[in-house]
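Comments concern the structure below.
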Amino acid sequence: MPEPSKSAPAPKKGSKKAVTKAQKKDGKKRKRSRKESYSVYVYKVLKQVHPDTGISSKAMGNMNSFVNDIFERIAGEASRLAHYNKRSTITSREIQTAVRLLLPGELAKHAVSEGTKAVTKYTSSK
């Protein structure tokens, strides 16, 4: 059995961007599955708020779990609201109402304001 070459460094543990191809026994190459995460976006926001601060991979994992959890809660609540109102489409109105129901006080106000701003920016760029 040939020895693995030492020239190419092994991918870091926990690396999310695995696009290299793994070698199979029969010689065929297969792509590794891509692991989706919000880490790029969390990092961009961190640098906007605190440019001189870093984040550990464990903390990034926690942030990724947090974003996924909030996303699922908002989507679930918006789906319920659409169902209650006999609608088959989740619109920005359902999302906004779901955010108001799920997030407490001032946080909900800021989230709605930022969401409205993002939707306005998106529609004006079309």
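Positions of Cβ are set from backbone N, Cα and C atoms, glycine also.
Feature annotation from Swiss-Prot assigns region 'Disordered' to 1-36. The annotation compositional bias 'Low complexity' is assigned in Swiss-Prot to 1-12. Residues annotated as N6-lactoyllysine in Swiss-Prot: LYS6, LYS12, LYS16, LYS17, LYS21, LYS24, LYS44, LYS86, LYS109, LYS117, LYS121. According to Swiss-Prot, the feature N6,N6,N6-trimethyllysine maps to LYS86, an assignment based on similarity to another entry. Summarising the annotation, Swiss-Prot assigns phosphothreonine to THR116 and lists similarity to another entry as the type of evidence.
Here the features listed in Swiss-Prot are painted onto the structure.
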residue: LYS44; record: N6-lactoyllysine; contacts (Cβ under 8 Å, 6+ apart): none
residue: LYS86; record: N6-lactoyllysine; contacts (Cβ under 8 Å, 6+ apart): none
residue: LYS109; record: N6-lactoyllysine; contacts (Cβ under 8 Å, 6+ apart): none
residue: THR116; record: phosphothreonine; contacts (Cβ under 8 Å, 6+ apart): GLN96
residue: LYS117; record: N6-lactoyllysine; contacts (Cβ under 8 Å, 6+ apart): none
residue: LYS121; record: N6-lactoyllysine; contacts (Cβ under 8 Å, 6+ apart): none
Structural state of LYS86 (N6-lactoyllysine), classified by DSSP into three states: coil
